[in-house]
Structure formats: structure tokens, C-alpha cells
Amino acid sequence: MVLKMVGSESLSGSSLPPQGGKKFGVTKPISLAGPTEADLQRNLELEKLLVHSGLYESKEEAGKREEVLRCIDQIVKGWVKQLTRQRGYTDQMVEDANAVIYTFGSYRLGVHGPGADIDTLCVGPSYVNREEDFFIILHDILAEMEEVTELQPVPDAHVPVMKFKFQGISIDLLYASLSLLVVPEDLDISHESVLYNVDEQTVRSLNGCRVADQILRLVPNVEHFCTTLRCLKFWAKRRGVYSNVTGFLGGVNWALLVARVCQLYPNAIPSMLVSRFFRVYTQWRWPNPVMLCSIEEDELGFPVWDPRKNPRDRTHHMPIITPAYPCMNSSYNVCTSTLRVMMEQFHCGNRICEDIELNKSQWSALFDPYLFFEAYKNYLQVDIVAEDTDDLLAWKGWVESRLRQLTLKIERDTFGMLQCHPYPNEYVDTSKQCSHCAFFMGLQRKEGVRVQEGQQFDIRGTVDEFRQDVNMYLFWKPGMDIYVSHVRRKQIPAFVFPDGYRRSRPSRHTHQHAEKASEEDIEGFRSGSAERRLKRKNEPEMVDVKPDKPEKRASISPQRQFISPDSTSRSNGISRVRSSEGVKIDYLEAGAVVSIPEVSSFGGQLESKKGTIGDDAQLVVTDHDPTGRLLNWTEGAVEDDGQLVRPCKQTAGAENAEHGFGLSSSVRNLNCEGDVCAPDPDLRLEEGCLHGRGVSQNGLSEKLEPNIAVGFVVNSQVAG
């Protein structure tokens, strides 16, 4: 039995160097230059580092994966034959009945590492459905097998999936029922005919294999693409920006970004492509989309990504478009906060690559882990608990899928003034008697925005809304709980650190994120708009902005406030939290203070200077000094804890408010052909500036190579 490696027969020539004049993608390459001797040497060093980092699996593990896939293929074939027989089909139909296993994702692209899961797709006939046959009957078959552990069906996911381990190897299994009575063993699912008479869930299930196939067809050199992608995935995981569910980028997103860079530099080797990757995407003008080929429509009528027609597509912050029909935005989970974090990491990577090219640094510096728990002073800790490991597996998956909503709600309720950094890593406190894991989010006030002294960001209702949404989980069981609490940097629990304790902090002068301040922020503390104060005072979800000289508040010992499990009661699937008399924690983060009431098992009302606030556990973020004193501003610096901290000069992340797509009437005359939208005669060009109405691929702020044009952007204003 040979497993289907989609489109492999058509890729034999993909690793050959591109011929002069050959075009990959929808624009001409930025550069056709090949490697120099220095590039070749750096490439050897990079590949050596990847091997030593354990990114390649052994031959034994590779052989075990192939054996596992053969077993799963035989299981689904037997499952379909069993259903065919039970439904009264002829003996000939039972004999011909078939299901085929395809692979996609990192395994299909050849960039998987040791312990990685295998993304698989089962394609079956029309009379075998997903809802009952796949998620119930096949599920029960797998549940009875000794080789199968951690079986977790997720039928309500955007792409329904069954997760499990088979002989210790993680498998994500999708199902697609085609309009065929018999599925041929050599079925080519890259052909659009497989999409006839299927629903959108089936289209999404098929899309993973079809996209992987197209990526490998559209890159100039498959081997160079794979090495570069393996490197960039390793970098993204080390820097905490590898997670689609959290709002960053997942495997297919990184593959598409790398593939586009390969198209722009078709003769470059991996060491060059890594450097060009950061050079390109630090200058990319989001939300200009990244596309490997033109977006084509088909008579099948499935919706494709098109901000000119679809209002929802105009809200996407970082469009990365899949190359297979129907073309979709694979990165719709990205929000303003996560885009900001990724842009900061792109700039950091670009600076290191520049130093490597100047022989000032080594490749190892690129993969230094991101010190998330040194980057902020304010954090939200989301603790997830359940009765046992099986319950935690299901409960955690649900909560993790909703964490992105917490980020979006905080952005919404603070009008983008309070920035969130969700961290995709999960942490486990083994000292707890129940099954437990925790996620963390960094919080900081938006840079460069003038704010009033004592301004508060009220996220109490936001957190409560998130908690209630999460507790609507349909498969909730007793023991499943979630606690959202505030922690200071000094209060981060020991279980998040690899050695079980915090290492000594480097000098605060060396961290770009450690202390955030700017001259605009300083002015914002000294002046405030009376109109804004009035507006905030009348806003029901905002606590009053403090006057120019805030009253001195009492501060308490820095102990993390935690919601007691005893204080939670459930009504109709929603947790209710009662709280005792409020105790506030005030402390400095370049002018930001977080307050959270202490919550206990006793009922009561939260008290504040304004009187009763409410029953539920709540959070407040406010600009205030814990001792009641004002910050000592000195020539653009702030004196805090006896140290003079200069404002950091970071490259600002992409701001999307100015780059949103406009109304369809503003862009109806654009003639989009992949990367560049050609204007009609009544539209005029601007000097490479995005005015937020056109759809353009090459949103680059400056030339990436000497004397090479990188395209243009359309100004949608119609000439008088």
C-alpha cells in the first residue's frame, strides 16, 4: 500500500534552479542573484545548527511514522467496508468500497521534526458521513484499540478533526465525503472536480492537502524552501509567535510566507532566504495580502477572499492567501495585538541577520528564546483545571480556542489603548491535586499615545464576559473550572520557569520591553482633555479618570490575587463569582497600575471610592504611582525604584487603522491580478504608499535590493 503524497509525481523538476526569465508567483523576482562564497559558508553553519538543534527525526522514527500511517489506512478501509455491508450494498460494492488516507501539513511538506503530529485526511464515499459514521462509529472503533490513546473528537471545530495518538505518534485526522460511490486508490484531490456537490466543511478539510500540493508546485526549489521553512518555524516557536489558535501564525501561514520569499529570490539558498524573509516582512505594508498566485473564481461558487466584495475580508489584519481554490485568508485569527508582536519580532530577527551578514553575530543568536516573563510588568494568568487528564484535555482545548476572544475583547473595550500579548506556551503546576495548566498574557499601555494622569482601563467586565463565554461549554463536567487573575512580574509562579525558580534578571537597560516610555507618553501624563475626562466619566464601563494630583492610596504586600474555587457557583452552565471587600494592588509599570479586588469564598460587594462596583471578580488597569507620588521625569527618562530608565526606541509595529480596506465602491475599478492591482485609467498611482483602498501585494516601504523595483500600490481616489 502506498500512501498518497499529493501531487508528488509533478514535483520532480521543482528542485532545479530557475531559468532566467522564468516567473514564479504573480510578480517578477526582486533579485535573481545566487549565493556568494560567504553565503555558502553561512548556509553550512545554518544547516549544522539545525541538525544540532534536533530538528530532524531519526530513520527509526521516520519508519515508525510510515508504519502508523499504513495501519490507519487499513483501519479506515475496514471501517468503510463494514458500513457498506451494514447498509445493504451488494457484495461487489462491499469489495470495491474504499477510503484513502492523504497527508498534509508539515509532514507532507517534509519539514516535520521529532515528536511532531501527522496531519491526515481520510477521503470516503458519499454514503459515509462525518457526523455519525466518522465521529461516532470510527471513534468507537479507535477507542477500543490498545494502540490508540488520548482520543479527542472535535466535531464543532472550524475544520472538524479527530485527535489521538497511535503507538505514541500524534495524529490529527480529518474526514471528507466526496460525491463518489467508490473512491479510487489513485484519486487526485488537487483536481477541482473533487469539490462538486460537497459542503464547506468538506472543502475546508480538503484544502489542507490541496494547499500543500500547490505550495510545492509554486516554489522554485523545494529543497531550499523546506530548509528555510524548517528554520523559520524553529525561530517562530523560540520567539513565541507560532500558534494559529492564539492569534499568531501556524504551520501553513509560515509556509506561505516562506514560499513567497522563495519566489522573490528564486536563486537564493536558505541562509540568504532567511535573511531576505526578515528584510521583506519588516517592510511589508499590511494588510496588503501575501499571495503565491492569482486569486481565481470558479463556477462552483465557493466564496474566495476578496475585500472588494466581502466586507468581512476588509477587517483582516494580516492576509496570507492560500493558493488552491477556493482561495482563503489562512491568517484570519491575527488581531492588532498579535500583529504588533510579530512585527516587533520580525524587526528583531532582521537586526540579527544584518549582524550575521556583517560577521558580528552567529546564527545561534537568532534562536535565543524570547524572555516573555521579563518583557512586561502586568500579566493575566488563566488557570484551567479539571478532575482528570482526559477532562483537562477537552476543557483546555476549548478554553485555548477562546483565548483569542479575550485579546479581542480587551482591544475592543479599551479602544486599543491597552495592548495584549497572549503567549502560546502552556504551563503546568504539578503540585496541584487536580489536573491543571495555565496560560499567560502580557499587558501594556499603547506606546506613543497621550493619556491623562491616573487614566484607568477598566477590563473588569471584559474578563467577566470572557469567563461567562467560556463556561458555556456544551460538554462541561464537574471539576472543569477557569480562573483569571492578575500577577505582577515579581509574582510569576515558579512552575513557569524551566528550573522551577526565577533566574536573576539582566539589567533593565538591556530589555526593549522591560520599561516602556516615550516623550509623547510623558506629555500625556501632564496634560489631559477635559472633553475626554467627561467622556470617560460618563462611560458606564470605565472607572473615573483620576485628577491631576491623585490621592495617596494604601498599598499592600505583593501577593497574587486568585479567585477561590469555593467562590464559584454554576447556574445554567455559567460560573458566578462572589467577592469580599475589595483590596487593591497598585504598582508601577512606566506609569501603568493594575488593580484587582481580592476574591474569597465569602459573598459580598466590592467597595471602592465610588461605592459599590459589583459582585464579580474584576480587573482595573490605571495610570498611577503606588505611593501616590508622580513620576520623576528627567529629560525624557523616568526615575523608578532609584534607577533612571530611558525610553526605549523600538520600531513601531504595523498600525492597521490607517490601512483598512475601504468600501467596495471605492475599489470597484481595480483590476486585481495577484500581487499587484492594476488601476483603471481613472485611478492614479502614488509613490508606493498604501491609502487603504486598493489590494496590493508588494506593500514594501523601500527597495529591498539596489536598483530593483518592487511594485506599486494603488491610490483609490478617482482623479477629478
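Yeah, the Cβs are placed from backbone N, Cα and C, and that goes for glycine too.
TrEMBL: automatically predicted annotations, no manual curation.
Summarising the annotation, TrEMBL assigns region 'Disordered' to 1-22, 499-577. Marked as compositional bias 'Low complexity' by TrEMBL: 7-21. Taken from TrEMBL, the feature domain 'Poly(A) polymerase nucleotidyltransferase' applies to 25-219. If you look up TrEMBL, you'll see 224-368 marked as domain 'Poly(A) polymerase central'. TrEMBL lists 372-431 with the feature domain 'Poly(A) polymerase RNA-binding'. If you look up TrEMBL, you'll see 529-554 marked as compositional bias 'Basic and acidic residues'. What TrEMBL records for 556-574 is compositional bias 'Polar residues'.
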Taken over the domain 'Poly(A) polymerase RNA-binding' (372-431), the model's mean pLDDT:
91
So how many of the residues in the domain 'Poly(A) polymerase RNA-binding' (372-431) end up helix, strand or coil by DSSP?
29 helix, 19 strand, 12 coil
For the domain 'Poly(A) polymerase central' (224-368), jot down how many residues DSSP puts in helix, in strand and in coil.
73 helix, 7 strand, 65 coil
